[in-house]
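Record features, source Swiss-Prot:
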- Lys133: active site, proton acceptor (ACT_SITE)
- Gly11, Gly12, Thr13, Gly14, Tyr15, Ile16, Gly17, Arg36, Arg45, Arg137: NADP(+) binding site (BINDING)
Amino acid sequence: MTSKSKILFIGGTGYIGKYIVEASARSGHPTLVLVRNSTLTSPSRSSTIENFKNLGVQFLLGDLDDHTSLVNSIKQADVVISTVGHSLLGHQYKIISAIKEAGNVKRFFPSEFGNDVDRVFTVEPAKSAYATKAKIRRTIEAEGIPYTYVSCNFFAGYFLPTLAQPGATSAPRDKVIVLGDGNPKAVFNKEEDIGTYTINAVDDPRTLNKILYIRPPMNTYSFNDLVSLWENKIGKTLERIYVPEEQLLKQIIESSPPLNVMLSLCHCVFVKGGHTSFEIEPSFGVEASELYPDVKYTTVDEILNQYV
C-alpha cells in the first residue's frame, strides 16, 4: 500500500479549514498547518489549536508575507491545501510562487470551497471575489502546477440554521422570504463531509487537474422544496414572500457588508442557479458522491431535524 501524502494547510484554522485539517489528520495523512505565532496564542483559536494538537497535527511557524518560510514549509509537504479567507484570496499568488520555487508539490488545492467560479453569473460584491478566484485558477494552470479545485457549493452550517434567510438568527416559523421564483436547485453540504470528500481526493488520480464538485443528490434542493421540507418538519405552512430579481438587485446595491455579500451569493445561487445550471462534464470535473459512494454523507433532511 502506498503511503499517504503529507499535506500542508495554509489558512487551516479558519471556518472551513479546520474541518478539512481534522479530516486529514483522522484519515492518517501526516498533517502540517502553517500558522503565525499570534494564531497559536490567540484565545479565539485556542480550542481549534488544542483539537489539532490532540489529532497529532504539526504546526509550522510562517507567514504568507515571509517567502523563505513559505518555501521551506512547502518543501516539507507533498500536497498544499489553501483555505485562506475572503480577504487573503489575492495573496495566493505568493503561495503559487513558493510552490514553483519549492518544486516538489504533487498537487495544490487553492482556496475555493464554494461555487464553480468559471460557471456562474454574479453581481457585485460576490463578482470581485469570484474574479479573483478565477485569476488564481488561470495562474495555477499557466504555471503548470497540478491542481484540484473543490466546488462544495453552500456550507450547510452557515445557510441551513436560518433557511438562508438574510439577517435572521433562526429558521422561519411564520413567513419565509423566497428570492426569485424559488425553482433553481441549490446544494447544501455539511462541513465535515466537505472535509472528508476533499481529503479523499488528495491522492486520487481521477481528481487530478479537475474540479471536484460536491453535489450529492440528497442535498440538492430547489428553495421551494427546501421550504416544503421544513414545513413538513414543523407541521406548519409558512407564508411565502417572493422577492423578484429586480427588487433583490436593488437591495444588494443599497445594503452594506456583510449583508450585500450574502445577498449577492444568494442571487447567484437561488435566482441564477449557480450551483446546478450546468452539467458536470468529464473533461473538466467529477462529482464526489459518485467517486466515493462509501462516504455516508449527512443529508439536508437529517441536518434540518436539529433546528426543529
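Placement of Cβ uses the backbone N, Cα and C atoms for every residue, glycine included.
Because the structure is a prediction, the values reported are computed rather than measured.
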Listed in sequence order, residues with CB under 8 A of the residue listed as 'active site, proton acceptor' and six or more positions away: Leu89, Pro110, Ser111, Glu112, Val117
Chain-internal residues near Thr13 (NADP(+) binding site), provided their CB is under 8 angstroms and they sit 6+ positions away: Val21, Val33, Val35, Thr39, Arg45, Thr48, Ile49, Phe52
Distant-in-sequence Cβ neighbours of Gly17 (NADP(+) binding site), under 8 Å, six or more positions away: Phe9, Gly11, Thr83
Collapsed DSSP category at Gly17 (NADP(+) binding site): helix
Helix, strand or coil at Gly11 (NADP(+) binding site) [DSSP, three-state]: coil
All-chain count of other Cβ atoms within 10 Å of Gly11 (NADP(+) binding site): 25
Position of peak Cβ density within 10 Å, selected from the binding-site residues Tyr15, Arg45: Arg45
Site extent for NADP(+) (largest Cα pair distance over Gly11, Gly12, Thr13, Gly14, Tyr15, Ile16, Gly17, Arg36, Arg45, Arg137, Å): 30
